[in-house]
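Shown next, in structure tokens, is the structure this report addresses.
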Amino acid sequence: MQNMVILGATGSIGASTLSVISANPDAYRVYALVANASVDKMLALCVTHRPQVAHMVDSQAALALQAKLPPELNIQVSSGEDELIALVTATEVDTVMAAIVGAAGLVPTLAAVKAGKRVLLANKEALVMSGELFIEATKASGATLLPVDSEHNAIFQCLPEEVQANLGRCDLAASGISHILLTGSGGPFLTAELASLAAMTPAQACKHPNWSMGPKISVDSATMMNKGLEFIEARWLFNTQNDQLKVVIHPQSVIHSMVQYRDGSVIAQMGNPDMRTPIAHCMSYPQRISSGVEPLDFFKVGQLSFCEPDFNRFPCLALAIAACAQGQEATTVLNAANEIAVEAFLQGQIGFTHIAKVNEACLSSVPKRAMTSIDDIIALDAQTRIYAREQLAKLA
């Protein structure tokens with residue numbers, strides 16, 4: 001029986017994780033649920049899953065949850081960063097699902113890694129912001145790191161065992177691998193007229209053709225910044241050079257990514273677009289459990305198509321690839337800028353095409369400096385957010 005902590009329990013990854021746990025009740029137990037401020041959602045999850053601990057990042061939300069929870073459930077409610085770190089590093093905890101969106105997930109995820117936990121990484125920003133520090137912490141603690149993102153999980157499944165066992169420190173060429181092919185659907189605006197993009201609304205951007213996701217990641221998919229962040233994450237997870245990574249647009253989202261070998265072979269991972277599949281894989285690796293996902297019906301799939309990304313349509317993807325080549329400081333800046341820009345777009349403060357403008361301005365203007373600690377990363381992240389908000393004021 002594995003005791004699990006779910007960071008981001010009220011989000012879409014949290015819901016999918018709890019679904020897989022419910023399908024395999026003899027193997028997994030919800031030890032703790034962690035959320036930001038969604039009291040009613042957390043209350044419902046507590047009643048259903050009976051965790052020992054419910055942690056709310058927002059202290060007022062924690063008080064509200066405490067007042068609403070039936071006493072007979074005997075669930076401890078906590079709040080505060082120190083309490084969260086104590087929770088993910090507790091000796092009772094076996095596995096941590098790291099699914100808090102954005103930079104907010106970095107500190108607890110890194111704490112779980114340093115404690116040597118089995119970490120299921122759905123928070124791509126952790127590696128985007130702190131790649132080298134994160135990988136070194138994994139190596140030092142002996143933590144098990146498993147990628148939940150559908151693309152990285154697909155790549156992981158297509159890799160030989162010696163690479164799987166050495167994430168972040170592997171040598172792809174020595175294992176006969178020539179390229180990693182990172183697939184992406186192209187999002188809801190793949191075929192829209194370029195001139196129409198400036199007028200696209202948050203509702204349109206969040207209407208993904210294949211996946212069910214939260215608002216931030218949906219917008220990132222529409223700009224293909226999501227694929228850019230995944231490009232950076234793949235660089236750290238699989239220890240790649242930029243020329244070993246390629247982005248391929250695949251609108252049907254049936255092939256979730258591929259690995260190309262030196263002998264000409266290409267191994268692909270396929271399946272219906274449902275996050276329960278990679279979550280179940282990570283939870284049970286190296287075994288297999290039921291995810292509750294319908295098997296892929298090849299007779300219903302029809303045709304599969306592929307094309308190169310158009311960087312005029314997806315400037316955020318180009319910025320991410322460029323930042324990856326520049327190094328850790330640039331990717332930290334880009335991630336922070338993008339979080340501010342996407343939030344502003346979702347709130348109707350800026351237009352869709354302004355997201356790339358804010359990102360580009362920050363990437364070219366925020367001073368970069370060497371980062372040797374988590375404090376350095378957080379400081380650069382904060383500095384970038386201030387500059388990004390200044391750019392928003394100019395666009396308003």
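Glycine residues also receive a Cβ, built from the backbone N, Cα and C atoms like all the rest.
Among the features that Swiss-Prot reports, NADPH binding site is placed at T10, G11, S12, I13, N123, E125, G214, with the record citing sequence analysis. Sequence-distant contacts of E125 (NADPH binding site), defined by Cβ-Cβ distance under 8 angstroms and a gap of at least six in the same chain, are V101, G102, A103, G105, L106, L229, N335, E339.
Note on E230 (1-deoxy-D-xylulose 5-phosphate binding site): other Cβ atoms within 10 Å of its Cβ, all shown chains, come to 30. Positions annotated as 1-deoxy-D-xylulose 5-phosphate binding site by Swiss-Prot: K124, S150, E151, S185, H208, S221, N226, K227, E230.
In the three-state DSSP scheme, E230 (1-deoxy-D-xylulose 5-phosphate binding site) is classed as helix. Annotation source Swiss-Prot lists Mn(2+) binding site at D149, E151, E230, citing sequence analysis.
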Inset, instruction - Count the other Cβ atoms sitting within 10 Å of the Cβ of G11 (NADPH binding site), across every protein chain shown. - result: 23
Legend entry - Rounded Cα separation (Å) that holds between G11 (NADPH binding site) and E151 (1-deoxy-D-xylulose 5-phosphate binding site): 19
Inset, instruction - Taking Cα atoms as reference points, rank the binding-site residues T10, S12, D149 by distance from H208 (1-deoxy-D-xylulose 5-phosphate binding site) and give the first. - result: S12
Inset, instruction - Indicate whether D149 (Mn(2+) binding site) is helix, strand or coil by DSSP. - result: coil
Inset, instruction - State the Cα to Cα distance, in Å, between G214 (NADPH binding site) and N226 (1-deoxy-D-xylulose 5-phosphate binding site), rounded to an integer. - result: 12
Legend entry - Under 8 Å by Cβ from D149 (Mn(2+) binding site), counting only residues of that chain that are 6 or more apart: L121, A122, K124, E230, E233, P278
